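The block underneath contains the structure these notes are about, expressed in structure tokens.
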Amino acid sequence: MKKPACIGRFAPTPSGYLHFGSLVAALASYLDARAADGQWLLRMEDLDPPREVAGAQAGILETLERYGFEWDGQMVRQSERHDAYAEILQRWFNHGLAYACTCSRKQLEGFQGIYPGFCRNAGHSPDNAAIRIRVPELEYRFDDRVQGTFKMHLGRESGDFVIRRRDGLYAYQLAVVIDDAWQGVTDIVRGADLLDSTPRQLYLQELLGLPQPRYLHVPLITQPDGHKLGKSYRSPPLPADQATPLLLRALRALGQPLDTHMADGTAQEVLAWGIRHWNADLIPRLRNIEEARID
């Protein structure tokens, strides 16, 4: 069977229920994949059990189904992928690419999130320590389909970053690179808050000899105070009975054409319309859009 030219994915975290910002990201990834006659995969990024909200995983699946989304194959849970992460982390540790870090948050205050390298050559045991990956003094750049060229000098703007936390939980940067490659994802469509994660992921892809996916970062939907809609800011979950109007609103946020008759359609009809008329070039070339400004 021929592999589809486009494989997209939606990868929510179960730290809360889906909200309007989640819907915009899910819709963009779904339409982009389906318009290319591609596959759309679903992955639950349940890497952080202490932050997981009881019932959120089931709620996310139910909401996606109510809003008409259909994914290909079985949903993948990152909590079931720890062996794959451990194998690669251990390989890097054995080859000196990764090292143990015992720095506390207090020690790192004042460095603006850029790791100063205190433990880089300390030779600490990995027990009861975070694991960091060594980064080169190089600039990584990529061409985003909406945001244009984005670049970051890993040494100056990131520093060696954590790939496994001190509590033993694997970091997002490691897991997402491994799983996107394992699932054959070719097109990553997600929120613009993850733009600065991408150069780190490009570096990990390089270390693993992986092909680079295409990237499209959609504008974040923000609150009046500038914070993105999100679970930590008590953004309201998507109501079960508002699929059609909220899908249409999400299409407007993405700059897509609308048919006035769609207001009376089902969620499935709105999605079908969106697939037929999808044009990523119409997505606003912005990092964020205030929710109140979406008509």
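Keep in mind that glycine also has a Cβ here, set from the backbone N, Cα and C atoms.
Not measured: the values here are computed from a predicted model.
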Of R66, R141, R145, R190, residue recorded by Swiss-Prot at the L-glutamate site of R9, F10, A11, P12, T13, E45, Y172: R190
Per Swiss-Prot, the range holding motif ''KMSKS' region', considering 103-107, 163-167, 183-187, 228-232: 228-232
Pairwise CA distance, Y172 (L-glutamate binding site) versus C103 (Zn(2+) binding site), rounded so that it is a whole Å: 19
Euclidean distance between Cα atoms of R9 (L-glutamate binding site) and Y115 (Zn(2+) binding site), Å: 31
Mean of the pLDDT scores, which run from 0 to 100, over the motif ''KMSKS' region' (228-232): 62
